[in-house]
């Protein structure tokens, strides 16, 4: 029996299911996203190795170029407000809210030069995805061993200043799509105080109008990205961290609730001062 007619029939059946079922469309789009991540990771890893020969933060520009194309598959648009606040040539800790697997697209839309991320160690073993993260200079934390994680963070604090690095961290510690922010973990703030570098909060509006895992829908939409003013840490000590966490959380939560109330569907009008990401 010919293979191609079977594949064509399966594809037609899948397309029919997608048209008839919102849940089928959701799962098909998520599957495509995962396939894109693995495929692009493999291709980008090869490009990074050919271009830079190994692990370096410079590979992030290559990774970003690939990932920024994902939004065209899904009809997503990112409206970035005050992006210049991320572009200053200085080390800093960038903190942002963490909603879903789609966060990587939002991150790459505004990722500044010489910026690395912190990720859980399990991702290192995720095939080509782990490889491209390693090549991009991502720092992996073993959450099960707090002493090891603290050692990595201490080393990172020194490297930030020495190598003029920006570090991107999700202080909620886990994905959260409940329409609000979770309490922040303190690691990012201890890191900023240790290195005496500013904290730059980045807030993404809620994805819930176009992406919802509970209701199983995944449509096109617009994400508002607000970069807040940097919070200085010069002269602060570990004793100041709880107040620093509270200040940052309140500012980000207020912004999140505000920008998530604006229309997020296609055709929505952006507010003043909005700069579309290219």
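Backbone N, Cα and C atoms are what each Cβ position is placed from, and that goes for glycine too.
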Range among 80-100, 101-121, 122-142 that Swiss-Prot annotates as transmembrane segment: 122-142
Listed range which Swiss-Prot flags as motif 'EGTR motif', given the options 160-163, 164-167, 168-171, 172-175: 172-175
Positions on the same chain near the motif 'HXXXXD motif' (98-103), where near means CB under 8 A and six or more residues out: 30, 33, 76, 170, 172-177, 204, 206-207, 211, 213
For the motif 'EGTR motif' (172-175), the number of residues DSSP places in helix, strand and coil: 0 helix, 0 strand, 4 coil
